[in-house]
Amino acid sequence: SREVLAREAINHALKALKKRHLIEEGAHAPAYIALSRPIISQGSEWKEKAENLEMELQQCYKAQSRLSEQLVVEVAESRALKASLQEKETAIAELEKELNQTRDECSQLKTDLEEKIRALELLMIEHQELKAQLEQMAIKAKNAEAENKMLVDRWMLQKMQDAERLNEANALYEDMIERLKASGLEKLAREQVDGIVRRSEEGAEFFAESTVPSVCSHRINAHEGGCASILFEYNSGKLISGGQDRSVKMWDTSTGSLTHNLSGCLGSVLDLAITHDNRFVIAASSSNNLFVWDVSSGRIRHTLTGHTDKVCAVDVSKVSSRHVVSAAYDRTIKVWDLQKGYCTNTIIFHSNCNALCFSTDGLTICSGHVDGNLRLWDIRTGKLLSEVAAHSLPITSISLSRNGNVVLTSGRDNVHNLFDGRSLEACGTFRATGNRVASNWSRSCISPDDNYIAAGSADGSICIWSILKADIVSTLKEHTAPVLSCTWSGLGKPLASADKNGIVCTWT
């Protein structure tokens, strides 16, 4: 549209110039005619002057035409500049509008900032108040903790006193029963030899010197989820295993076949024991109970209740098949009478017990605790007889030699120690590179001839040490999972092992 307007303006200017030229030519015509006559008459001089003037007039016309064109161009430029000026004025108005909006937003933000500052100051004041309250509550909590500790100590003392009174009552009851059975005591006295009570020497003729095993004779898929405890029947090659699948199974190690399946346990089996006459099998369970099976019938004879946490260790007296001792994670050790079917004595101690066993005379309990100490207890009074710091980490296993003179302990510090059964003096220390105890209930064992020690490792291997040489004589590798338990048959062979995958291996 601007080009059309410019062209129209140029055409209009050209028409005006032509019209003006015609007017001026008409006005100058008489003079030109009047002048031409004297010029003609006067000759060539005037003619030359006329031609010069005409040439000047043409130059003037040309200059006027150039000026007109320049005028048209300048008019067009002025119009373009005017349009540009209008656009810039519009942009300036928009920028002024944005500036005003920005000023309003800045003012609003300034107001918000002042409100936030006031809120922050209020929060800081509240924070200081809460900090002061927290310090006061920390002081109260500390005082309450101290008071709670004092109350717990008083409660433990009271419980120990109650346990002592209960033990005294049980001892009095037992004394009355024993007085009625004087003939039985006389018989027991006649059976005592060298301070060790031997109820039966049956099977002693089958005892043979233990051999160092080297070959896996059977690999048995015994339990789903893992097998934590295995043991042999007395003077027999029959193996008993308990696992995470809540079952107890009996195996013929000569063929690797299953002979009995004892069911009814309500939790994982953490430890096993068998009476000296091989009649009853006792299982320590994670269901806080102990289960007693009659092997001949395969039925549960007793369910011993009283612990308030998982039962992790159990053993039967080697003198009498009626007395059972158990340890649980409720910080108690309980003595049970299988004939009566209930607890006759309770020992309370601040450190949980992981493993325990009876002495050969049936009067003392050996216990291994989470604090790494080995302790001896009087079964009749529940009194602590002696203790020794056996390991720097929790004890996982206690095994008594056949003659009862030596106690083997294993700990999470990956060390296996031998102690004198009466004085608790250290007799030997055994360790090996790579031999790592796999769990808090990993069981090691002593061979029946008291010459060797066998202990499983977290890498699936089994190390066998010679007690006399104090050195490794064999390393057995068949398991692919951590070995949790080892046990030796009382006949001298085989050796059995169980791992975390529930695999049981027998070695000869």
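A Cβ is built for glycine as well, from the same backbone N, Cα and C atoms used for every other residue.
Keep in mind it's a predicted model, so treat the numbers as computed, not measured.
Residues or ranges marked as domain 'Autophagy-related protein 16' in TrEMBL: 45-167. Model confidence over the domain 'Autophagy-related protein 16' (45-167) is summarised by a mean pLDDT of 88.
What TrEMBL lists as coiled coil is 50-183.
Taken from TrEMBL, the feature repeat 'WD' covers 220-261 (among others).
Same-chain residues lying 6+ beyond the ends of the repeat 'WD' (262-303) with a Cβ under 8 Å from its Cβ atoms: 199-200, 225, 228-231, 233-234, 236, 240-244, 246-250, 309-318, 321, 324, 326, 328, 336, 338, 341, 355, 441. If you look up TrEMBL, you'll see 262-303 (among others) marked as repeat 'WD'.
If you look up TrEMBL, you'll see 304-346 (among others) marked as repeat 'WD'.
Beyond the repeat 'WD' (355-387), the same-chain residues lying 6 or more positions past its ends with a Cβ under 8 Å from any Cβ of the stretch are 163-164, 167, 171, 174, 195-197, 271, 312-313, 315-320, 323, 325-327, 333, 335, 345-347, 349, 393-400, 403-404, 407, 409, 411, 413, 419, 421, 423-424, 440-441, 443. The repeat 'WD' annotation in TrEMBL covers 355-387 (among others).
Summarising the annotation, TrEMBL assigns repeat 'WD' to 447-475 (among others).
The repeat 'WD' annotation in TrEMBL covers 476-508 (among others).
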Among 304-346, 447-475, 476-508, stretch most in contact with the repeat 'WD' (220-261) (C-beta, under 8 angstroms): 476-508
Helix, strand and coil totals (DSSP H, G, I; E, B; other) for the repeat 'WD' (447-475): 0 helix, 16 strand, 13 coil
